Structures are given as C-alpha cells and as structure tokens.
Amino acid sequence: MRSVLSLLPLAAFALAQQHQVAIKEDNIQPVRPLVQEAISLLGFGTWRLTDNTSEAVSWAIQTGYRHIDCAAAYGNEREVGEGIRDGLAKTGLSRDDLWITSKLWNDQHDPKKVEAAIDASIEKLGVGYLNLYLMHWSVAQNAIGLNYIDYLDTWEAMEDLVDKGKTHHIGVANFSPHEIKEVLKHSKSHPPQVHQMELHPYLQQADFVKWHQDHNIHVTAYSPFAGTNPVYGPGDDAPTPLLNNSVIKEIAKDRDCTPAQVAIMWGLTRGTSVIPKSSHKEYITENLYSLQCILEEEDLKKIHKLGKEHFRFNNPAASWGVPLYEDLEDSLGEHKEHS
Ligand SMILES: NC(=O)c1ccc[n+]([C@@H]2O[C@H](COP(=O)([O-])OP(=O)(O)OC[C@H]3O[C@@H](n4cnc5c(N)ncnc54)[C@H](OP(=O)(O)O)[C@@H]3O)[C@@H](O)[C@H]2O)c1
Ligand SMILES: *[C@@H]1O[C@H](CO)[C@@H](O)[C@H](O)[C@H]1NC(C)=O
Ligand SMILES: *[C@@H]1O[C@H](CO)[C@@H](O)[C@H](O)[C@H]1NC(C)=O
C-alpha cells in the first residue's frame, strides 16, 4: 500500500516532463512551462458531489490525490473547500502541495466579470490562488442571449488573471479545433496550457489529443468512465456501459485490476491527466490505485479498437442551441480527421 503513494508524484512528474513544455510555435512571448509546477496526472473530479462532498474530498487527499478538479458551475465549491482544509489538516500537507483547478462559467464571460468570478471561486474554495483556471465552454450564455461576447475577449481577461497572480495557469475546456487554434493565435502573453475534454475508450479523439501534444498543450480527460456518470442517462444507441464492457473486464482480469482502474490507466498511459469522480470511499481509493495497474501493449491495442464507438456523452449543443465540437468525432460515429 505504501508504494503507490511514493510512486504517485514520481510517475506524475515523469509523465509531466514528457508532455508538458513551454508553448513555442506561433507565440512570441515565452510561457512559463507547466512542468515547473507539474500537474499531478491523477486528479479527483467534483461534478455532482452533493451530500458528503467535504468528506469525499478530504478522503481523496488522505488517500493520496493531489489534484482536485472544481468548477463554479458545480455549485459545491464551498463544501469542496471544507474538504480541502480537512484533508490538509489530516495529512499535515499545505495548500501548495495541491493542484487546484476551477472553471469560469458561461454567464461570466463578460471581460468585466472575469476577475470577480475567479475571486468568488478562490474565496469559496479558500485556497488563496488557483493552479489552473479554465474557460468551461466557448459559449457565453446569459439573459442577454448566446455568444454576445467573443470568447477571445474573455480569454484576454483570463490572461490578466495570470499577471495578477490569481491563477498560475489558464486553459479551456470543450473547445473545437478551430476555437483552440483561435485562442492560441490571439493570446497576448499567456497561451492556453491545458485543454480539458471528454475522453475515454469510446471517445478516444486520438488526432485531437496528438495535435495538443504537438503544440505543448496538456490534455485532461474528463468522464473517464464514459457514460457511468448518471447524469448522462442510458442514451439511445449508447455502447455497453464501459465498466461492464467485456474487453475492459477481460483486461482487468488479466492484469489483476478493476475495470475502472483499466479505464484510468489507459488515459494516464496516453499522457493525459485523468479526473475520476466518486462519492464513495472504496471507489476513491480504488481509483487512486489505478497507478498500480500496469497495462501491456496488447491491452492498449484491444482498447484502441473500442474507439470505433465514437460515443460522446456530454453534448449540450442541441439544448443550448449552439454548435459545439465542430469537426470532431461525433455521436453519429463519423470520424473526422483533425488537420
Ligand atoms: N469540463 C467539463 O465540461 C467537464 C464535464 C464533465 C466532467 N468534468 C470533470 O470530470 C470529472 C469526472 O467526470 P464525471 O464525473 O462526468 O464522470 P466519471 O468520473 O467518469 O464517473 C463518475 C461516476 O462513476 C462512478 N464511479 C467512480 N468510481 C467508480 C469505480 N471505481 N467503480 C464503479 N463506479 C465508479 C461514480 O459513482 P459514485 O459517485 O456514486 O461513487 C459516478 O457515478 C467531473 O467530476 C468533473 O470534475 C468536467
Ligand atoms: C458518502 O455517503 C455514502 C452513502 O451514505 C457512503 O456510502 C459513502 O462512503 C460516503 N462517502 C464518504 C467519502 O464518506
Ligand atoms: C453487465 O453484463 C452482464 C453480462 O455480461 C449483464 O447481465 C448485466 O446486465 C450488465 N450490466 C449492466 C449494468 O449493463
């Protein structure tokens, strides 16, 4: 049991070194490389943590997680913050030992509102500063309507947050290839260092992930268990629940792991950070110990084949009435190459 705890920072650091360096191409200003403050590749998700939120977050820290993924939109930052304080107290660690991410919600895209939004997240979480602040979606959305503010203007305001020391890094989530390229092209001095997106064996997005790695943008995989998050519902033509998929179960058996550990380690092996969420102590611990689930080349080949499903669970495009994920693999199973 002891070994994984010492393995965690080392493994994370080694992988971080491979995959996180300063962005150079198309950018004149030098950027602070992500590796100077390596993101711990296994993080803890907090979306839909409700009843015993602070217990779960505290337990995650006690178990060994050093990276917590939060968002204003999850509506639980205050409880997550209590969990962080409790976890730090119980482990004797300090704030600086953690990597804390939060996200700007769609109704705060007005450049005049961005600083107040991060201040609110920092205050609720009680963390002093963030390690990473993400634009949750490219979509500005409030009573005025949709996309009344250009995400590039929002991005410019987010760049100022780095200069003000409110967050060490900035990035985006759920952007299309065109949108991320636009941000990269128009950044003043802080290009996006992280892109968080839905990634699991049924939505592998290999071309898009590689494009980011080629441009030194670190990728974080959300919903690593595919449709397991109950908010996604069964879905009409959804594939077999990932953790019940016979290929995943077979690999888990061969490697003496659980299906959840296989799913997480597949993501870590690709060099992405992975942020599973659970409200249960046993799952939280099980997911941490995915670091001991070593996959072989043949396992990765089998999982690669599951990618033909191309199933995306998180797509509010229709309900919001905006195009999202343009030119990416979509839920109809079409695979579009990313150029
Ligand atoms: N940027 C974005 O737009 C965005 C979107 C989605 C998610 N995220 C982030 O990514 C995180 C993870 O994604 P997610 O919450 O959608 O889904 P997920 O982590 O893939 O799945 C969570 C579900 O899996 C269950 N589970 C956890 N560990 C398990 C295990 N070992 N065995 C069996 N079941 C297990 C959980 O159950 P219990 O909770 O009941 O234990 C929960 O129902 C989120 O919490 C959030 O931080 C970001
Ligand atoms: C949260 O509550 C559920 C249900 O009572 C329990 O099974 C789970 O272990 C609790 N989680 C933590 C981290 O205490
Ligand atoms: C998991 O698979 C078994 C058979 O392999 C099936 O009986 C069961 O209903 C499946 N469970 C879910 C949740 O899909």
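From the backbone N, Cα and C atoms, a Cβ is placed for every residue, glycine too.
Curation does not apply to TrEMBL; its annotations are automatic.
If you look up TrEMBL, you'll see 1-16 marked as signal peptide. Marked as domain 'NADP-dependent oxidoreductase' by TrEMBL: 42-306. TrEMBL lists Tyr74 with the feature active site, proton donor. Annotation comment: TrEMBL describes Lys103 as site 'Lowers pKa of active site Tyr'. Look at TrEMBL and you will find His136 tagged as substrate binding site.
Feature map: TrEMBL annotations on the structure.
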residue : record                               : Cβ neighbours (10 Å)
Tyr74   : active site, proton donor            : 22
Lys103  : site 'Lowers pKa of active site Tyr' : 26
His136  : substrate binding site               : 21
Lys103 (site 'Lowers pKa of active site Tyr') falls, by DSSP collapsed to helix, strand or coil, into strand
Looking only at the domain 'NADP-dependent oxidoreductase' (42-306), mean pLDDT returns 96
Reduced DSSP state (H/G/I helix, E/B strand, rest coil) at His136 (substrate binding site) is coil
One should report the C-alpha separation between Lys103 (site 'Lowers pKa of active site Tyr') and the residue listed as 'substrate binding site', rounded to whole angstrom, as 5
Integer Å value for the Cα distance linking Tyr74 (active site, proton donor) with His136 (substrate binding site) is 11
